[in-house]
Amino acid sequence: MRTLLPPVGSEVFRRFTQSSLNEIQQKQQIREEERKRTNAQVSEELPEPASDLEAGKPLPFIYGEPPHELLNVPLEDIDPFYQSQKTFIVLSKGNIIYRFNAESSLYLLSPFNALRIVAIKILIHSLFSLFIMATILTNCAFMTLSDPPAWSKTMEYVFTFIYTFEATIKILSRGFCVGKFTFLKDPWNWLDFMVISMAYLTELVDLGNVSVLRTFRVLRALKTITVIPGLKTIVGALIQSVRKLADAMVLTVFCLSVFALIGLQLFMGNLRQKCVLIPQWLYGNLTFDINSTNGYYGNDTHDNGTKSKHLEFEFERHINNPDNYYYLTGQGDPLLCGNSSDAGVCPESYVCLKVGANPNYGYTSYDSFGWAFLALFRLMTQDFWENLFQLTLRTAGKTYMIFFVVVIFLGSFYLINLILAVVAMAYAEQNEATLAEAKEKEEEYIHILEALKKREEEQAARKEPHSTVEGFEDDHRLCPPCWYAFANIFLKWDCCGCWRHLKECLYAIVMDPFVDLGITICIILNTVFMAMEHYPMSADFEELLSVGNLVFTGIFTGEMVFKILAMDPYFYFQVGWNIFDSIIVTISLVELGLANVQGLSVLRSFRLMRVFKLAKSWPTLNMLIKIIGNSVGALGNLTLVLAIIVFIFAVVGMQLFGKNYKDCVCRISEDCVLPRWHMNDFFHAFLIIFRVLCGEWIESMWDCMEVSGQTMCLIVFMMVLVIGNLVVLNLFLALLLSSFSGDNLTTQDDEGENNLQIAINRINRAMSWTKTYILLYVYTLTESNLNQHFAVSDDEEQRRVKDILALTSVSSDKLVSHHCGNDFFRVPIAEAESDSDDSDYDEDKDSQCDESSVCSSVQKPEVQEEEMDENCVAKTPTDCWTKKCYSRCPFLDIDTSQGRGKIWCNIRRTCFSIVENNYFESFIVFMILLSSGALAFEDIYLEKHQLIKSILEYADKVFTYVFVMEMVLKWFAYGFKSYFSNAWCWLDFLIVDVSLVSLTANILGYSELGAIKSLRTLRALRPLRALSRFEGMRVVVNALVGAVPSIFNVLLVCLIFWLIFSIMGVNLFAGKFSYCFNETSQEIIDTKVVDNKTECIALIKANFTEVRWKNVKVNYDNVGIGYLSLLQVATFKGWTDIMYAAVDSRDVESQPIYEVNLYMYLYFVIFIIFGSFFTLNLFIGVIIDNFNQQKAKLGGQDIFMTEEQKKYYNAMKKLGSKKPQKPVPRPENPFQGLVFDLVTKQIFDVFIMVLICLNMVTMMVETDEQSDKKEEVLYWINVVFILIFTTECTLKIIALRRHYFSIGWNIFDFVVVILSILGLLLADIIEKYFVSPTLFRVIRLARIGRVLRLIRGAKGIRTLLFALMMSLPALFNIGLLLFLIMFIFSIFGMSNFAYVKKEALIDDMFNFETFGNSMICLFMITTSAGWDGLLSPIMNTPPDCDPNVENPGTTVRGNCGSPAIGIAFFSTYIIMSFLVVVNMFIAIILENFNVATEESSDPLCEDDFEMFYETWEKFDPDASQFIQYSKLSDFCDTLKEPLRIPQPNTIKLISMDLPLVPGDRIHCMDILLALTAEVLGDSDEMDTLKATMEEKFMANNPSKVSYEPISSTLLRKEEEVAATVIQRAYRKYLLLRTVRLASFMYREKTEGRGKEKAPETTGLLCKQFSQLYGFNKETDEPLQSKANRLGQVELQSEVLLHAVPPLRSSEFLQERDQRETSV
């Protein structure tokens, strides 16, 4: 930008005239001639376009204000880049830059043409943009009309005319398509062109389906992007994100395809298995075949089978009649069933047959690849997957839960979060680039301002009235000067001295910290008062809350008034919090005045905003509000883009499907009334699109496909899901996560203490002072009494007083930090008993060193164990008691050197050696596992198996005795002090106590008491003891303990946020969700019959016993249950029922009417945006960031892996650590050699890959109940593929011999081939002799193994799977922790919910009756799926359940649940699993994805090193690690990019200076390092990489150590060049001497100069030269030939080689060029 600063005195803005155009043309002509003359590209020397002078941006302030007469007229371009091109600029009124071509527009209109100038003026005018924007918005409003009026057609013509006029103006001013800044060169103008073209097409040409074409009009909404400049940028970022999704999308589609194929093979046709009523006339006549569609064999053989045919016809009609299927209450689809042992069973009189259609209109099935793919995609996106899970397990069996576990963990947790990672990374890169650009601009602006200051000084010297900087500052004042004058007069109140004195007094009061404390307490009390509102309330309580509201409103009003008086309005409203206070107080006062006005009760909700005032004194809440504020600011454009996307898809849905919903409504609704989710009008279409953005799309899509056809609905819904949910919302999340770091969620000490902290500190100091003097007074009284009996010296007394004062003067903060530090989490380990006088703290520190303790550590990660190990002996027990205990009870201090004390010491040492023994540790772990496993058997069937019950009772006693024994041994070994100072030992102690109390109660016969039963459920915590014993789980818990403060902070803030929405929900919906219900017909009584509760109660009193006034279980009757409602809405489970009740609600105790309160949907929309999108995603952010902080404190080590797992992780990350392998030798046998050549060619691998793809396609076309012909064709195709792959396997074994099994992929291929052959052979046997379709299906899965071979050839997929492999150790540890949590909650669920009534999602398969069923339910709700359906029956209370009903086989009575326990159980599990543990999965996957992406985005990756060594094998068949120097050129040419150096490459290789070892050989690592440096360049990172690679290679290949280089390629070349130079110089010298001698001899002969001495040296040299290079008289051998024979060896002596300094490569090349030039 410094280059853009115009020189002083220069004319910056010049009109664009004909002479300007001629000047540009002259410059272009000169440049063209120069280019032709020098044959070089002059354009390369031109500067880059200035980013600040781009079209559409405002003119930088450094150019000053352009003269008014130069606005809206063509000017010469001020960008140096364009000054030599045919362009000009126009500045609009707001100094916005517009750039145009100087060429003639449409070959007709020059830049100086009047028409074009008018068009330009219209185009750049702000009113024109506003007019177009208003037109677009009006057009959008018309598009939302589902039933437009007749005159709307006229409006369409008007809109089309306006858009045509806009395009015409653009084309006239810019040109159409030829030139850089013409109309069609801007991609956004393509949109305009397409919109206008489609408008004319639909009017002029009859194209059939007009409704489809009319939807193209919605693209006009995208024109807003072209009008609002900021939107183009964010759309560009979105497009970049989508481009980067390529690999992740490919991997996702591939994995989904594989899973869909597995689902197709395992579950094809299963979901058609239904419970069909057995007709009475068929009993005894037929035998049912469960696998046949007919389902029977006839037993009767009458004449010509007449009766059998009749029965066949009747039976066929019977089983295809939906009325004969079994339906559960409230379900539209019949009950599914299966025929395996663990599948769902049919009720009595029903049989399981495969008949009828699939569930959900037939769209949920695995019957073909397409439907299976849709089902798996639904499973991956976790939309209503609990339904698919239940249907599949009910038909196939519970064993297949494994399939769902794999798909959820791989597909949902991994693949979906890969998309998040890619989008987040794309945003991060863009953000970094923006920040870098901003930093660069900042530096440039500093220089610019310096230049402006100099200019200002010059202007001041010339006495100019206004400088540039002053002008700039004046321009940036917020208000006109008149407003400042008004403010000084009316908003600053300085009347007289007494008024100022009053103000000072008021200021001192309102700014006092204690006043702030009082206001904060009032805010909290006000919030409590608002939260106490509930339904039903007594009149007195309601009056109390009303008075409380008046009081608090008065207090806050008074605070505002006093602050305004104290600070003056001018300064009061300068503070943001004061503005906020004034708004809330004003609304509160308005609400009081309008309290009785109907419909304005929503104003009461604004009082809730006072809660945010807590942020002034609560740093975490303040930071969260700032985060949301920053995010909303950054999300402004993105929100607008999302709104446009939602609008477009809503209009598209309404235009395409709205009419179909109305016409075909009977297909999806029994009473032919539009369902709640439809697209017949814009508002409902908007709700469906918003629901899809929330992740719920499948149910709406089923309805759409049923009424409008499958293809179009699939396309629209998939587009909304991918664009809206996966891209835009993930970008929202990326922006949110980038808005904060973990440091933001901690108190900012730099800002100093706020008033609240000052007030609290004052109170603490006052309390401390009071406490000190009370203690001193008490001490004085007691001492005076004691001194009468004991003589105490004054010095000792003074020392005690000082101790008391010192103790009490410690602040509470320090006391807390001392007692709640990391030491509480350390492991107490006993060490040698000592009588030393060290402090307790030092003893604790010394006693916490050994990690072998049974109560293992939950040490925070940042504590380094090495620091503690220096002083540790830890071989003998520590003291039993603390020093205080010994001082208070001296008899505890026993002399351990003699007598009983010595015996006691020996006993302790024996106990210590026992508990420290590894065998004891292993035994205890084994007992923990056994005791935990025993809990799993205590299900509802235990009473039926008395033997197992007896065994479990005895085992429980044994476990209790063993754990008591372990506890006592540890008491003896470690002492009470060490044992009870450790959290894990406390946990052990409490769990043992529970078992002990339970056992004692059983022995005494009190086991049936309610309290004892409740206590027994706590035995479910027994598996927690395993946490400290398994290192993998322990490291995860360590990380979690470190994250707990941040998680708790976010949880607390979320609760505050949700409190506002919960209180608002109570205000809006309390008492309005009830309805009058007919228990017999299971229907709500119509409002025409019963209008409210009073009428319903009257109906009940009139002996209508089947009628009940019921309430929705999850409602807003109080704040507590409101929280539960919000949790269901935030997790999108059960939220639709709550919304339905809300939009149907009228008044308190009134019957609901269908969608009477339609716009209450907006309450839920707003909560989902702020309560779900923001707050729940904060959990992800804080967990990721906290773990990153912990990792940084540990020096970058992974906090989720044990030391052994870190070794695996590092092995996975090794780069370049391979060594050359000896290639498989070509067989000598000619036939084998021929086969070897075939299988090692690349074309062979390509051919096999193509066949694998074809095999995948053939598997995809398989369907349920396909024709016999198709089945036979597919069978033989499968046989052909098996033969081909078997042939491939055989050929490779023949060619590679034993080496075949040394390659992992070959072993995989071999296993797949064997399994395929077994599947082919066993299929017939299984079909003939067994009736086990499960085994048959599992065998067929082997075919899918072939598809996985595609991974071998897909680099991008391998990179992403490599990230997964790196994540496995940490994921395994977190999986273990998740399993432990599920195990504990399963046991707890079995204890409390085993007998609840079967309704909603609890049925005969999904319940808490057995451990297996509990685990299935908990796995389902780990993703939050279906937890509302499991909670609903548990919340049943009489009369919805019967507390006295008998449960067969047990003494337990009743089928009611416990609402309080159920809510606590599910809420806790959702928070622990869904919000914490699952987010830990996400954190690890994102981190390892980043690592893998960085490696794959590097210029070099693992594949390149692999390619290097594969090529090396061809040049070094013996794997000696060396090749000849002569082969180097060919080797480097044979390599593939990026390592390849194509021939001719001799000079390049010489300049790389590769070390040579004896024998002119080069080592592979030296070549690899040199090539790597060539690709990456020289940098510190390169040096580090070199060192790492060399170190790894040396470790793997010690053979390199014995070879030391004696030279290098560059040195060798330098030696050769030096020798050549010396040879040439020497020959030249000899030749010169020879000429001189010849001249001397000639002169002697002709002139006879006898006095001249002959040059003897020269003569001697000439003689030598003659001997060396002269003619041999005997053979007449030429000079050159003799030189070749003798000279080379003799001249290349060591003296000559080292007589000259070595030349570097550049010097050598220079010298060579000089020599060649001179020659």
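Including glycine, each Cβ sits where the backbone N, Cα and C put it.
Between Asn285, Asn291, Asn1103, Swiss-Prot assigns N-linked glycosylation site to Asn285; no such entry appears for the others, which is not proof they lack it. In Swiss-Prot, Glu1083 shares a side of the membrane with Glu1262. According to Swiss-Prot, of the residues Asn637, Asn1092, Asn1092 is the one noted as N-linked glycosylation site. If you compare Asn339, Asn744 in Swiss-Prot, the N-linked glycosylation site annotation sits on Asn339. From the options 98-117, 578-597, 1558-1577, the stretch Swiss-Prot describes as transmembrane segment is 578-597. If you compare Asn209, Asn299 in Swiss-Prot, the N-linked glycosylation site annotation sits on Asn209. Neighbours of Cys352 (disulfide bond), defined as other CB atoms within 10 A of its CB across all chains, total 22. Within the same chain, residues at least 6 positions away in sequence whose Cβ sits under 8 Å from that of Cys1456 (disulfide bond) are Val1396, Lys1397, Asn1436, Thr1437, Pro1438, Cys1441, Asp1442, Pro1443. Below 8 angstroms of C-beta separation, residues 55, 85, 87, 99-101, 103-106, 167, 193 of the same chain, each at least six residues beyond the ends of the topological domain 'Cytoplasmic' (174-187), sit close to that stretch. The 10 Å shell around the Cβ of Cys275 (disulfide bond) contains 21 further Cβ atoms across the protein chains shown.
If you check the disulfide-bonded residues Cys337, Cys666, Cys1076 against Cys346 (disulfide bond), the ones with a Cα inside 10 Å of its Cα are Cys337.
Using a 10 Å Cα-Cα cut-off around Cys275 (disulfide bond), the disulfide-bonded residues Cys666, Cys672, Cys704, Cys713, Cys1096 reduce to an empty set. Most Cβ neighbours within 10 Å, among the disulfide-bonded residues Cys337, Cys666, Cys1076: Cys1076 holds that distinction in the structure as shown. Cys704 (disulfide bond) has Cys666 as its nearest neighbour among the disulfide-bonded residues Cys352, Cys666, Cys672, Cys1076, going by CA to CA distance. Taking Cys337, Cys352, Cys666, Cys672, Cys713 as the disulfide-bonded residues under consideration, the smallest Cα distance to Cys1076 (disulfide bond) is found for Cys672. If you look at the intramembrane segment (369-393), the same-chain residues 6 or more away from its ends with a CB under 8 A from one of its CBs are 252, 256-257, 259-261, 263-264, 267-268, 270-271, 336, 343-344, 358-359, 363, 400-401, 404, 407-408, 411-412, 415-416, 695-699, 721, 725, 1259-1262, 1401, 1405-1406, 1416, 1420, 1423, 1425-1426, 1429. Under the DSSP three-state reduction, Cys713 (disulfide bond) is assigned to helix. Note on the disulfide-bonded residues Cys346, Cys672, Cys704, Cys713, Cys1441: the fewest other CB atoms within 10 A surround the CB of Cys672.
Across the topological domain 'Extracellular' (938-950), the DSSP tally of helix, strand and coil residues reads 8 helix, 0 strand, 5 coil. Nonlocal intrachain contacts for the transmembrane segment (1273-1291), taken as residues 6+ away from its ends with a CB within less than 8 angstroms of a stretch CB, comprise 1235, 1238-1239, 1248, 1251, 1254-1255, 1258, 1261-1262, 1266, 1309-1310, 1312-1313, 1316-1317, 1320, 1343, 1346.
Closest by Cα distance to Cys1096 (disulfide bond), from the disulfide-bonded residues Cys337, Cys666, Cys672, Cys713, is Cys672. DSSP labels the residues of the topological domain 'Extracellular' (653-681) in these numbers: 14 helix, 0 strand, 15 coil.
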